[in-house]
Amino acid sequence: MGVEVVNSGGFEVAPAPFEGKPEKNGKLDQGKGDDAPINFGSVGELPKNAEENNNKVVNSDAPKNAAEEWPVAKQIHSFYLVKYRSYADPKIKAKLDLADKELEKLNKARTGVLDKLRAKRAERSELFDLLDPLKSERKGFNTMFDEKRKEMEPLQQALGKLRSNDGGSARGPAICSSEEELNSMIYSYQYRIQHESIPLTEEKQILKEIRLLEGTRDKVIANAAMRAKIKESMGQKDDIQGQVKLMGAGLDGVKKERQAISARINELSEKLKATKDEITVLENELKTVSEKRDKAYSNIHDLRRQRDETNSEYYQNRTVLNKARDLAAQKNISELEALANAEVEKFISLWCSKKNFREDYEKRILQSLDSRQLSRDGRMRNPDEKPLIAPEAAPSKATPSETEVVPKAKAKPQPKEEPVSAPKPDATVAQNTEKAKDAVKVKNVADDDDDEVYGLGKPQKEEKPVDAATAKEMRKQEEIAKAKQAMERKKKLAEKAAAKAAIRAQKEAEKKEKKEQEKKAKKKTGGNTETETEEVPEASEEEIEAPVQEEKPQKEKVFKEKPIRNRTRGRGPETIPRAILKRKKSTNYWVYAAPAALVVLLLLVLGYYYVL
């Protein structure tokens, strides 16, 4: 017997269609094709050949046996199995999406780091390829340089010996180059002693030098022999120096080439060092990125494990359904019936005993019910009923009404210079508006709680925007409050200005009285003008001190507005007539110059005549 598994309303149902012909007046309606024997199951015998049917055309309608006369309907057994649906937790799904995005970013970052690392390693290998021949070339120049140095060493030693024999040591006298030179020096010292008149101390010194020169005779002879030997083997001193110069020139060329190669090697070595440093940095970065990626992998694995744990009953139910299908294919009705009864009893016991199980199952079938336009209890949904799962609104359109109204309802930020408290009626208006907003929010929260879907949280729905009339009324109230605040500020400023003007007038009157008293006292005592000049800076100091005292209470307040001052200039001291001094008249010197010139001319004329 075939068992068909069909999905219906969260259950696995095996429908039982009736394939026999309906009865008419208590009898079966027999027709053509009903005379074939009916077997259990959906598979029957194959039809006979067309030739045999043509031979038996006459007796085709006549029944032959009871099975053909009374056909038995095809029997189909129906078994009901509970079906568990998979459930995707939105929190776990969001975490998985976020973890997948993070893993994708880390994979991209890792591939980028790997590409950079490959490029740097290729650059390092290129630098190694350039450095290896240069190092081998420098090694060849080093060997050449060492060979030339070895060739020059005997010549330099010979020159050193020749030079060391010429000069003497710091302690003793100079060693002569030959025995003839030594004899001539000794003879010159002896000649001085014999033929020159010198003091005794100098004579003793000369005798001492002669003895020292005689002591160097053996060395002079040995040096002369060695010099002769060197000349025989290597030639004269000039020839040796020429050879050394030639070899030194070749050595300098080798040295320059070696220095150029060394500079190139140093440059490449610096580049190689920088490349190695970059490679180490990239390797560390790759290590950190790999660690982060491994953590992301482990996080995704944990989240998937949590998701599978929540759907463990779904996987168990799937194995049960597969087993039922296998039993149905095998036509093992007894075991299939036992399995169905056991599963149903298990489900009913869990449904009646555990609340969490009921909530979880209802949560799992909500999507199926909603897709089939059914309500929570399985009946057809009415047109006015809301869907079980609210559709997610677009992020651009899902802006709440508060975000549209609150910025308009907020008053403009007042400047810091005017922190004047608003009057009481304005405060009450603001409180009323705040209370109204709170009431609206509480109402919205209550509505959200009522509309919450069991097992899925609150459905997302758009809040109703505030009407234009209410927004206009709120703006009007705000403008009235602002106007009242401005009037209060103006009144306070006017009162402050009047008080300051009264204080200033009183101080000026006191100053005038003091000045008049001082003038009267000076007239009586006959004071000098110096005292009068000293009074002017004192008055100016008092004028400066007065505004400072007035500004002190202003500093305590935040309001800083420059008050309008009506300064009245105080009368200064009476002007005294200046004393007119008699000045001497400037003498004109040209008046004396003319007679002086005449006198000089007369004297010259008289002298001229006197000489003649």
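Placement of Cβ uses the backbone N, Cα and C atoms for every residue, glycine included.
Values in this document were obtained by computation on a predicted structure and should not be read as measured data.
Looking up S197, S540, S586 in Swiss-Prot for phosphoserine, the annotated residue turns out to be S540. Checking the ranges 90-113, 114-137, 138-161, 162-185 against Swiss-Prot, the coiled coil annotation falls on 90-113. In the predicted model, residues of the coiled coil (251-314) average a pLDDT of 89.
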